Amino acid sequence: MPSAGERPAVKMGPAPAGEQHRRATEDPEVMELAFEGMDKEKAPSRKRARTEPPAEGLLQPVNLSREELYKEPTNEELNRLRETEILFHSTLLRLQVEELLKEVRLSEKKKERIDNFLKEVTKRIQKVPPVPEAELTDQSWLPAGVRVPLHQVPYAVKGSFRFRPPSQITVVGSYLLDTCMRPDINVDVAVTMPREILQDKDGLNQRYFRKRALYLAHLAYHLAQDPLFSSVRFSYMSGCHLKPSLLLRPHGKDERLVTVRLLPCPPLDFFRPCRLLPTKNNVRSAWYRGQSCPDYEPPTPHYNTWILQDVALETHMHLLASVLGSAQGLKDGVALLKVWLRQRELDKGLGGFNGFIISMLVAFLVSKRKIHTTMSGYQVLRSVLQFLATTDLTINGISFSLSSDPSLPTLAEFHQLFAVVFVDPSGRLNLCADVTASTYNQVQYEAELSMALLDSKADDGFQLLLMTPKPMIQAFDHVVHLHPLSRLQASCHQLKLWPELQDNGGDYVSAALGPLTNILVQGLGCRLHLLAHSRPPVPEWSINQDPPKHKDAGTLTLGFLFRPEGLTSVIDLGPEADKPEAADFRQFWGTRSELRRFQDGAIREAVVWEAESLFEKRLIPHQVVTHLLALHADIPDTCIQYVGGFLDALIQNPKEISSTGEEALALAVRCYDDLSRLLWGLEGLPLTVSAVQGAHPVLRYTEVFPPAPVRPAYSFYNRLQELASLLPRPDKPCPAYVEPMTVVCHLEGSGQWPQDAEAVQRVRAAFQLRLAEVLTQEHRLQCCATATHTDVLKDGFVFRIRVAYQREPQILKEVRSPEGMVSLRDTPASLRLERDTKLLPLLTSALHGLQQQYPAYSGVARLAKRWVRAQLLGEGFTDESLDLLAASLFLHPEPFTPPSVPQVGFLRFLYLVSTFDWKNNPLIVNLNGELTAEEQVGIRSSFLAARTQLPVMVIITPQDRRSSVWTQDGPSAQILQQLVSLAAEALPILEKQLMDPRGPGDIRTVFRPPFDMYDVLIHLTPRHIPRHRQAVDPPVASFCRGLLAEPGPSSLMPVLGYDPPQLYLAQLREAFEDLALFFYDQHGGEVIGVLWKPSSFQPQPFKASSIKGRMVVSQGGELVMLPNIEAILEDFAVLGEGLVQAVEARSERWTV
């Protein structure tokens, strides 16, 4: 043992490959994933790739001679192909893995710079002067510029302390194992405190931890004076408040290169192992509580584990070095697993399933021969995920130890003391001591999802598995923030958690976490699939500040993943009244429990929740959580921020805030079903009805604001008796907007149908007229017939029935040559008819079925459309294209599961829109699972071959495998890029709002359009905006729209499709389409945005036929035309007289 003047042994820098004598920390540095930085750096490049040619330096096709092209492969190439076939399931996967590992690994140059910095750190530590011996409670020797990085409660403790230079300084952890990851490189340095400053009973009553903290404080003060370091700060080691570490960062250009963490530890054999068994007590009740425990001293398993973790540094490093030393595949596997954990936020803070645990798990599986050292990183990843998916360490723990020593605890004893059990080779230390059951259940669940994804061998499996982040707000249906954390002190008192507080050193958050989650899991019952929690890492702090208190650790956030089939249940059934379990049920639920008699005659305890609409039923967990936390944990609802339905307000009718419209949609669908039965049973038609199909967003539950039964107030209309219809009065506000719901009615085939397209149209027109007569005669329905459709008023809803003949699209395709030969060729008319009468009804039927399977689909699709239209981009996207985007989130949710609530689905919609590579990939929406994997591969190949002929956004369905019919007419490349940019901006803003424990603030922020980008703003008067109440910011008061609460004396056909702003827009586009683009939110927008087309300001040659909107000027002796802006702006106002309130020319944005 060296004396104060002797030079300590030092081990620095990376050890040679294969060296077995390395030391490791029990918990190597928690690495920040490279992709957090990469996302910011690469996002722009990803967008540039859509519009710009390949950047210089990217690989390009090479022209090879025929001899070079067909020459035999070399031995090296053959070996690589054979290895790829054995170790990876595809060449693409191997390339992706290799590229990812390149991104996260340290370069040799950076390693050399880090090694040099570590050598300098060692020299500085060796020069820190000693301190004379003093009592632990006498800390007057500490300089004024440093504070002890530990809460010393209780302050009085026996023992003495003196500082001596460390007996050994060792670089440990993932840096030496070559498994650390960029961009935030942390290097752990174990600083072994000399034996002479420790005493035999230092394991008792936090004495060891007090000495450890004082040792760090003295180091911190002296190292902070050194110009080598740009910053010297304290931090908690893996979130454990009893184990601070000292962070050192180099000065100058390498400031962001590395962070060195100094970790004091005791000599290897200083503590007697038998005293640190998890069943032992090392925190006396008399010392901690001020009173002795009359019966027995409770065990302190976590406290003992934290000491053992420091003791076992060397042992664990030896183990990992011997296993991973020269096995590159194992190192690659550990790196991939760390990426996997980080993307799922599983490795954060105290209790995280961190990189050290996963490294030890790899070593365990190697020892059990479930992993071989010759495996590739991908195979290691698969093997570990398979093990995690199929092994529940909360029930069946695992152990390195093969010892039969009776003095060692059994796995059963470990399970009594810890939620998750993974025992190290000593047989005494549980590596997962801090991991909660909830965290491990989440790890296991994610492993199951990942294995299913890998087994599917999807082309984008690697991207979804390792490159797609899964933040809690997107991964879980509901999120709960508990704030302030100080309230959990009352919870500990209510739940009588004194032993847990004693074990956790006063950390009331850790003490209460397990009991709280158990209560909520029991209360949510069959509704709950998974509960997770997130504790943000405690930030580092200055050495001259006191350490953060537990209440300053941020917020405790809980995430709930629900089972869709149980989420909306309004009753929790308990046992029968005469059963012994009934008393436990009443105690658990308190006053909410009541006796009820059920239809089968049974009298049972039950809890009934107040909820009628689907919106209210989705929020029943909110009632459960607030009730149980108040009852059992003394946490009032003022300390609970429940995030589950904030976005639902955007699709609520302002007059019906207790519903998000699913009931209104269901009412309209039932009315459609009734009408369908009437059509099927009609007897007065010459041909029978062969099929009735819906073809409207209402009938697939995706209409943003569902229609209500229309009961017109006739005082708002002039009546046209001869047509039995109404006409809006000009002196009244614009009446309510009524949109008819399209229904396609197929008639049976017959030889009487003509074979000429024009004749077919005439026959169809006759059927439309006859249909109106028969419906009026047989069912007394109000009908209005035209040549193309029949409008039918039923129960306040208007349906637009289109008669269809199955062969008409084919007849329209027939082209007759001069020689009389008939060939089939797609024409615009045939394609339009096929889309409207065949593809659209099939899509509506499929999406209707999707809604029955996933009740949240309606809310997700409607929120998505509400947001797109609120950005004034609704005209660029068809209803069907946005419905399919929403459907893809349910049919292809990987790496998630289908959302159970609209809020989560909308966040994922924004992520999909902003990250999908629209230029190089089609979005395949496999409705009803009709497309096989081979067919999807073929679709992607066909897409690449025909990319230049396809629209900028391509959405493929089983019925539309090539042409992307729903995006043929838009969006344009510019509109799509604008949507992508807006989604990329909105997502982080919205996520930050929803994860704010103080509440989301103004949730409508991301729905408000960016008006600053427009050249002209046309302001409309609300009097003539029929959907004014649907605005993102609904008005406090609006105009009466001529609707009665109850049906009037008679029922006339209301005015259909009357929306003055939309009619005005159509006029503007017709008149000025060559000069400007017009943007508007059809849901109550008060402003039309105008963008001048760049080409419109270019001088045009004079043409008398193109003089509209332009003025003639002379340039260079020639007459040219330029836009007459003043006249155009005046025309805007004239065309919209009575509707336009003002025209705001934002001339600072443009000049002629």
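Cβ coordinates come from backbone N, Cα and C, glycine included.
Predicted, not measured: the structure shown is a model, and the values here were computed from it.
Copied from Swiss-Prot, the annotated features are:
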COILED    92-128  coiled coil
MOD_RES   SER65  phosphoserine
MOD_RES   SER292  phosphoserine
MOD_RES   SER817  phosphoserine
REGION    1-30  region 'Disordered'
REGION    36-55  region 'Disordered'
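A gap of 106 Å separates the Cα atoms of SER817 (phosphoserine) and SER292 (phosphoserine).
Taking the Cβ of SER817 (phosphoserine) as centre and 10 Å as the limit, one finds 8 other Cβ atoms among all the protein chains shown. A mean pLDDT of 86 is what the model gives for the coiled coil (92-128). Every protein chain shown contributes to the tally, and the Cβ of SER292 (phosphoserine) ends up with 10 other Cβ atoms within 10 Å. Secondary structure at SER817 (phosphoserine), as computed by DSSP, is coil.
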